[in-house]
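Enquirer: Checked TrEMBL, it gives:
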type: DOMAIN; residues: 89-226; note: domain 'Palmitoyltransferase DHHC'
type: REGION; residues: 310-329; note: region 'Disordered'
type: TRANSMEM; residues: 12-36; note: transmembrane segment
type: TRANSMEM; residues: 42-65; note: transmembrane segment
type: TRANSMEM; residues: 140-163; note: transmembrane segment
type: TRANSMEM; residues: 183-214; note: transmembrane segment
């Protein structure tokens, strides 16, 4: 079971993230801030340092904190100390963690643990995002957005001023002792820094917008992905007619890793089953509304498929009954014709004998 994102092995994206943030920050301090005028240089340095500190603090805490479902630690401690543990509070049992967990917990295969109110596994932090560190994650991406936006805007402004030959070019020579052909190298490095920070700013802005949308919908990232995958299962990709039957080819749903069984000692009697794994969750209004929103495409398509199946069965039964009626009519006609033939034969024989 993984404790936090600082536990080895580190993910490659985690190493790349901290390296790039550190690199563009150092370049900004050394090559950009000294080019600005005196007062603006101080203001820019203070503002940038504050948001850089926020990014470091939120990033460290978000990586360091353990988002594991607290019921797992409580149950393990209770077993070790040989004391009672209330099993009736938890609706699910994780077969991987071998512990009772909350209804909205999800087992992460990368971290090998159940995460309370699981949102997603962040490879950039090498840690899961759940109830304990989601707020820190939101603060982290906001602080990072401000940081990289400052780098992008100020770096682009410096490049423009240096290329146009303004007073910034003189300060470049006076403060950084860069002149002549060295200016081309300076501009190249600044453009490299601006390119990286600009791409990060765009991608991170999209991430912020996505999580704001999720907050409005009261969904987690995992619930959103799950609803999309369930909806895709009922996306019809081919329709063909074969022997009076409509055959619909559907996109198969990839198996979802949910190693849970129901807790038979769960105290709440108002239960409902959620999804393919039949995990039990409390029946309150918010959960019911969210469950309905997530499963409506699934239920709707199931009803449509059932109607189509009944209609096709009805048509087949009508066809079978009509075929049976036609066969019965033919048998009746054959029997009548046989009777007429027999009567004619008997009449002919009687005429001959007379």
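Residue numbering: from 1, along the chain as shown.
Cβ coordinates come from backbone N, Cα and C, glycine included.
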Enquirer: Report the listed stretch (12-36, 140-163, 183-214) having the maximum count of Cβ pairs within less than 8 Å of the transmembrane segment (42-65).
Expert: 140-163
Enquirer: For the domain 'Palmitoyltransferase DHHC' (89-226), jot down how many residues DSSP puts in helix, in strand and in coil.
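Expert: So the domain 'Palmitoyltransferase DHHC' (89-226) is made up of 84 helix, 18 strand, 36 coil.
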Enquirer: Suppose you look only at the domain 'Palmitoyltransferase DHHC' (89-226); what would the mean pLDDT be?
Expert: 87
